[in-house]
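Engineer: Structure provided below as structure tokens; questions to follow.
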């Protein structure tokens, strides 16, 4: 007995227009005809049976090589029939229409199906609609969470301009080193050229004093900030709120005179310990400074500092602005760290995906790293991870200049612990054949335990594997000491306060000392650039200091 297609839809069909009923009749008849042919071909030897041709719409249905019917024409005819079916001209139609685009027919099929036993489609519409709305909300609602990042100027991620950069330094009075770009002059230039906005992240304030002759640079910078506020530049300052290193009278005066808005970030309240150790200036979301210098006159004339300036570079400035915006948000009263930072705070730029730009006429790549982890939205490279990856990427040379180097935490009281993350990366680099040179500061406040840790790094050289019989990695350590400035003794001065690293490919300039606390619970940032010219400039500074009379073997 021939197989017959059971039309379940016909048993539960809603009331339909004649055109739709006719469509179902056509489809049913054609399916029955096709199945009869399938059954005949299935149970008979196709090689012994004469070829039979089935006509559909007066066209022959072809067969495949094994005698089965070719479905192509049938499916296309069925599709064509479903798209256009005859209609009654008495009802105002032109003789052909598509029930799938007939709004009235759709309503009848989906919403008015007669008595309850015929309601097939309507109940399904409800859960499908709910699921669809849920998916839409899940995917698109986060995209509307942009109001949390208030930006006075449209941020950009595309670097279409040639960014000008300057390596800037503070050279303590009495050191014979020369620099083309002094930190104080760079700051004053940035501030004086600000037209609308000036955002500053600072640990503490100590610019405006006349107690010492060398404090003139500090006063000049502070006067530049006052001038900017008076000419209408909107100044915002995000400063540490828990360290008690200064009474911050200078920022308080700016607020009192209506020249600036200040917010304090209490890192200890937010994550249990830590401070804002970041130092950067951002002008008009276009020009910026990142470096080791504090807003302290000593950092401009009595302490050795290193930083970098990006001039008229909106893409880099926009990325730094997101970090400032996070600080600004955390400076609100009763603020909490978001469980998940809004999308608008995210960055696409990190070690795995550096931003491409033109820097001083040459191709370059960059990203900005930050710590601690809870302050970082998605995409932002943690400062520690940046250091580790840069060392892992090095093939020939790693040169490090930092004030403090201790593989432990220092400020967690009874909870201090061994912290070997950077120490292990240094050893790993040397083991792979990289020449590691470390220039560490020595001054009145250096910790005694630092020297044994440095010696332990240096002594591994003799145990490192040799490559090509003669070549092998090594760790060399030198101590850099800034001599006193005559008879004048100024507290917390005469030290190399720089925090940078340079390899054969990458220049890293940061704001953090190299001990555990600065990456676990202290806020800091770093600029990372991959460009031959940038690395050469920073390498020249390192080599100058390394080979100077102020550098001694450990």
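Placed from the backbone N, Cα and C atoms, the Cβ positions cover glycine too.
Sharing the features that Swiss-Prot gives for it:
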TOPO_DOM  1-123  topological domain 'Cytoplasmic'
TRANSMEM  124-144  transmembrane segment
TOPO_DOM  145-554  topological domain 'Extracellular'
CARBOHYD  181  N-linked glycosylation site
CARBOHYD  208  N-linked glycosylation site
CARBOHYD  244  N-linked glycosylation site
CARBOHYD  266  N-linked glycosylation site
DOMAIN    272-299  domain 'PLD phosphodiesterase 1'
ACT_SITE  277  active site
ACT_SITE  279  active site
ACT_SITE  284  active site
CARBOHYD  333  N-linked glycosylation site
CARBOHYD  350  N-linked glycosylation site
CARBOHYD  468  N-linked glycosylation site
DOMAIN    492-518  domain 'PLD phosphodiesterase 2'
CARBOHYD  513  N-linked glycosylation site
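Provide an account of the burial state, proximal residues and distances for the features listed.
Structural biologist: Averaged across the topological domain 'Cytoplasmic' (1-123), pLDDT for the predicted model comes to 47.
Using a 10 Å radius centred on the Cβ of residue 181 (N-linked glycosylation site) and all shown protein chains, the other Cβ atoms total 14.
All protein chains considered, the CB of residue 208 (N-linked glycosylation site) has 17 other CB atoms within 10 Å.
According to DSSP, residue 244 (N-linked glycosylation site) is assigned to coil rather than to any helix or strand.
Look at residue 266 (N-linked glycosylation site): DSSP puts it in coil. Every protein chain considered, the tally of other Cβ atoms within 10 Å of the Cβ of residue 266 (N-linked glycosylation site) stands at 17.
The Cβ neighbour count for residue 277 (active site), using a 10 Å radius over every protein chain in view, is 24.
All chains included, 25 other C-beta atoms sit within 10 angstroms of the C-beta of residue 279 (active site).
Note on residue 284 (active site): other Cβ atoms within 10 Å of its Cβ, all shown chains, come to 20.
A coil conformation is recorded for residue 333 (N-linked glycosylation site) in the three-state DSSP classification, outside any helix or strand.
Reduced to three states, the DSSP call for residue 350 (N-linked glycosylation site) is strand.
DSSP assigns residue 468 (N-linked glycosylation site) to coil in the three-state reduction, outside any helix or strand. Of all Cβ atoms in the protein chains displayed, 7 besides its own lie within 10 Å of the Cβ of residue 468 (N-linked glycosylation site).
Long-range contacts of the domain 'PLD phosphodiesterase 2' (492-518) within the same chain: residues 172, 273-274, 277-280, 290-293, 298-299, 302-308, 369, 371, 383, 386-387, 390-391, 393-412, 417, 419, 421-422, 439, 441, 443, 445, 480, 482-485, 524-531, 534-535, 537-539, 542, 545, each at least 6 residues beyond the stretch ends and with a Cβ under 8 Å from a Cβ of the stretch.
Of all Cβ atoms in the protein chains displayed, 21 besides its own lie within 10 Å of the Cβ of residue 513 (N-linked glycosylation site).
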Engineer: When neighbour density is defined as the number of other C-beta atoms within 10 angstroms of a residue's C-beta, which of the glycosylation sites 244, 333, 350 has the lowest density?
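Structural biologist: Ranked by other Cβ atoms within 10 Å, the glycosylation sites 244, 333, 350 bottom out at 333.
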Engineer: For the domain 'PLD phosphodiesterase 2' (492-518), what does DSSP give as the number of helix, strand and coil residues?
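Structural biologist: Per DSSP, the residues of the domain 'PLD phosphodiesterase 2' (492-518) fall into 2 helix, 11 strand, 14 coil.
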Engineer: Residue 333 (N-linked glycosylation site) to residue 266 (N-linked glycosylation site): how many Å between their Cα atoms?
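Structural biologist: With the alpha carbons as reference points, the distance is 10 Å.
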